[in-house]
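Everything below concerns the one structure shown next.
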Amino acid sequence: MSFTPGKQSSSRASSGNRSGNGILKWADQSDQSRNVQTRGRRVQSKQTATSQQPSGGTVVPYYSWFSGITQFQKGKEFEFAEGQGVPIAPGVPATEAKGYWYRHNRRSFKTADGNQRQLLPRWYFYYLGTGPHAKHQYGTDIDGVFWVASNQADINTPADIVDRDPSSDEAIPTRFPPGTVLPQGYYIEGSGRSAPNSRSTSRAPNRAPSAGSRSRANSGNRTSTPGVTPDMADQIASLVLAKLGKDATKPQQVTKQTAKEVRQKILNKPRQKRSPNKQCTVQQCFGKRGPNQNFGGGEMLKLGTSDPQFPILAELAPTAGAFFFGSRLELAKVQNLSGNPDEPQKDVYELRYNGAIRFDSTLSGFETIMKVLNQNLNAYQHQEDGMMNISPKPQRQRGQKNGQVENDNISVAAPKSRVQQNKSRELTAEDISLLKKMDEPYTEDTSEI
């Protein structure tokens, strides 16, 4: 006996018209229901999966009994756990709950900017022995097919399920037993992701102006129930900041006090948990650069992990598993250098490690990594070799005028002239004669030439 999803099996016969798939239909009911559904429009059945005939002619449609599952996030795998993934269908026992999900690659469309955009695929369920892969055994490795079955089903025999006739049977909304985990990045068609008012608003102009139709047509224009608004998060944040006495419109500035707090918070952490940044530099976290700490130079010492070049170096850092299982470890007890005799003495240990990070030229960003490594490895040596010992500028003592120098060892340049030397000399007879003429009264010369 074949089973029909959505129909309870019954052994009772009837004198009505029985279709080929075993579903009882009365002729007047069938015609009436078709007229009600179409309302004068041509019936266009939805094709869920297609395959080409050997002759290469027409397209043979396969109709799933259930609504599809659509992907909405790229890169997500379609999969169910073992024993899960078969939709619930009244009238189908658990022994027949076996089949496969078929990936239907949808068409692409042209966007406003002229580019082609491919729609993400949609998956449909077919019982074992039906659909586009009816001839394949359960578990056959086929691209775009994911096999599922309940724990009570016999996967060695096809499911005794009739094919769906779209003219008489509508697709059943996909539902799963409790505990089923839906694949991440997928949603069930008709589960509420589409706009709920689109159907009522699109059908409203074609309905007769009855009371019921008016209420349905206006349902799309109703104001939504007060709920979450787009700016509700901003309002809540503003209320919280106002409660704390802060202004949300003013940008938060990093003051010396906040920088000191951040630095102290970092330094309170164990040495191996510190992350240097602008507020707490590399030397403040780990000390000066030297033979045992030979990485870092220039801006990277000031910025630490905030340096724009640091993230690409972080790709080389080992994981916790690689650190413990891929290194040579040695536990050593060291001297406690706390220096406070009042505090109880603690046993201090060091977990010393020795390992290597191996990479080659095929690594993404290899050239940049090599450049950054060459700039920062043993950079402290280049800084000491190229550093110039410039004496500090002498500071002027309070009350001392500019130009006064108290150091007698500083030599002063020789004056360039006698006037600059400011030395006294004896007057000659010619000088005395000139001085007398300057003292005589001035008389105007009236002689004619």
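From the backbone N, Cα and C atoms, a Cβ is placed for every residue, glycine too.
According to Swiss-Prot:
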REGION    1-55  region 'Disordered'
COMPBIAS  9-22  compositional bias 'Low complexity'
REGION    52-194  region 'RNA-binding'
BINDING   Arg106, Arg122, Arg164  RNA binding site
REGION    158-231  region 'Disordered'
MOD_RES   Ser167  phosphoserine
MOD_RES   Thr174  phosphothreonine
MOD_RES   Ser191  phosphoserine
DOMAIN    259-384  domain 'CoV N CTD'
REGION    266-297  region 'Disordered'
COMPBIAS  266-276  compositional bias 'Basic residues'
REGION    266-385  region 'Dimerization'
REGION    387-449  region 'Disordered'
MOD_RES   Ser391  phosphoserine
COMPBIAS  423-440  compositional bias 'Basic and acidic residues'
MOD_RES   Ser424  phosphoserine
MOD_RES   Thr428  phosphothreonine
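Take the CB of Arg164 (RNA binding site) and look out to 10 A: across all protein chains shown you find 25 other CB atoms. Distances between the Cα of Arg122 (RNA binding site) and those of the modified residues Ser167, Thr174, Thr428 are shortest for Thr174.
Remark: secondary structure over the domain 'CoV N CTD' (259-384) totals 53 helix, 16 strand, 57 coil, with classes taken from DSSP.
Under the DSSP three-state reduction, Arg106 (RNA binding site) is assigned to coil, being neither helix nor strand. Taking the C-alpha atom of Thr428 (phosphothreonine) as reference, the shortest distance to any of the recorded positions Arg106, Ser167, Thr174 belongs to Arg106.
Of all Cβ atoms in the shown protein chains, 10 besides its own fall within 10 Å of the Cβ of Ser167 (phosphoserine). Ranking the binding-site residues Arg106, Arg122 by how many Cβ atoms sit within 10 Å of each one's Cβ puts Arg122 at the top. Sparsest Cβ environment among the modified residues Thr174, Thr428 (other Cβ atoms counted within 10 Å): Thr428.
Distance between Cα atoms for Arg164 (RNA binding site) and Thr174 (phosphothreonine): 15 Å, as a whole number. With DSSP states grouped into helix (H, G, I), strand (E, B) and coil, the region 'RNA-binding' (52-194) comes out at 6 helix, 38 strand, 99 coil. Here Thr174 (phosphothreonine) is positioned 20 angstrom away from Arg106 (RNA binding site), judged by their C-alpha atoms. Here the CA atom of Thr174 (phosphothreonine) lies 19 Å from the CA atom of Ser167 (phosphoserine).
Considering only the residues assigned to RNA binding, Arg106, Arg122, Arg164, the longest pairwise Cα distance works out to 22 Å.
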